[in-house]
């Protein structure tokens, strides 16, 4: 997990995963919901709030002298307005979410830096009340098996949820309030978020949600979620090979075997690296000294 993200990994022993819950704002097909979200076939299309912001930004920019340098401010994710605007058009293209996405929020992280809340504000996920039952599958620390492609049909029908809590607080988090028929762990993946970059399994809510979608075959949806963050696309690229390997697995056992192969390979590479460090050739400076010593010996003889 990370600061606000509780994705779960099953690496030999179970390491915690993510969190998401039921959606309770489903509207009738074709009805325009709050914030300009259009419900189509029970799923939301991204059109509205951010699109309006983009149009307003464009109108403001047109009013300025083209040569005038606009001030740049930072948002809560450490992105400048310029960075956000450059991605805004692509982010807000209509995109159909393949299933209900939701989050259980234990309010343990900074709201301004929480990736789950950013997805919530963007209208991409819903919030589940603690103690309420989510009808679908939750990525959570209390899972006993790993997510796999065989979970896809269930997720498409009932939804995917993550748990938003701090990695530092997971032992004290009342996870009994996360109620769902199915709980799963995520396999080994590496975080790309700024707080826990490079740390295995310490994913944010958004990373865990994207990983879950990718593993069950919804690659475009996973990439769409990650485009909401400046660092998000790098998470996909950093784990692309692993994610593809997991996505090719059908059963939970297949995923564990693939994970074990990867971890064994990491151990082997680490061992080889340690052996190389012992047998390193002398540095250039050391070679120069040795050559000078050889010359001295020859001059004496």
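The backbone N, Cα and C atoms fix where each Cβ goes, and this holds for glycine too.
Just so you know, TrEMBL annotations are computer predictions that nobody has curated.
Under the heading region 'Disordered', TrEMBL lists 16-90 (among others).
The compositional bias 'Basic and acidic residues' annotation in TrEMBL covers 28-42 (among others).
The compositional bias 'Basic and acidic residues' annotation in TrEMBL covers 53-67 (among others).
Here TrEMBL flags 73-82 as compositional bias 'Acidic residues'.
Per-class residue totals from DSSP over the domain 'RNase L inhibitor RLI-like possible metal-binding' (100-132), listed helix then strand then coil: 7 helix, 8 strand, 18 coil. According to TrEMBL, the domain 'RNase L inhibitor RLI-like possible metal-binding' annotation covers 100-132.
Residues or ranges marked as S-adenosyl-L-methionine binding site by TrEMBL: 115, 163, 186. Taking the Cβ of residue 186 (S-adenosyl-L-methionine binding site) as centre and 10 Å as the limit, one finds 29 other Cβ atoms among all the protein chains shown.
Annotation source TrEMBL lists domain '16S/18S rRNA aminocarboxypropyltransferase Tsr3 C-terminal' at 137-262.
The annotation region 'Disordered' is assigned in TrEMBL to 263-301 (among others).
Residues annotated as compositional bias 'Basic and acidic residues' in TrEMBL: 263-277 (among others).
Here TrEMBL flags 292-301 (among others) as compositional bias 'Basic and acidic residues'.
The average per-residue pLDDT of the prediction over the domain 'RNase L inhibitor RLI-like possible metal-binding' (100-132) is 88, rounded to a whole number.
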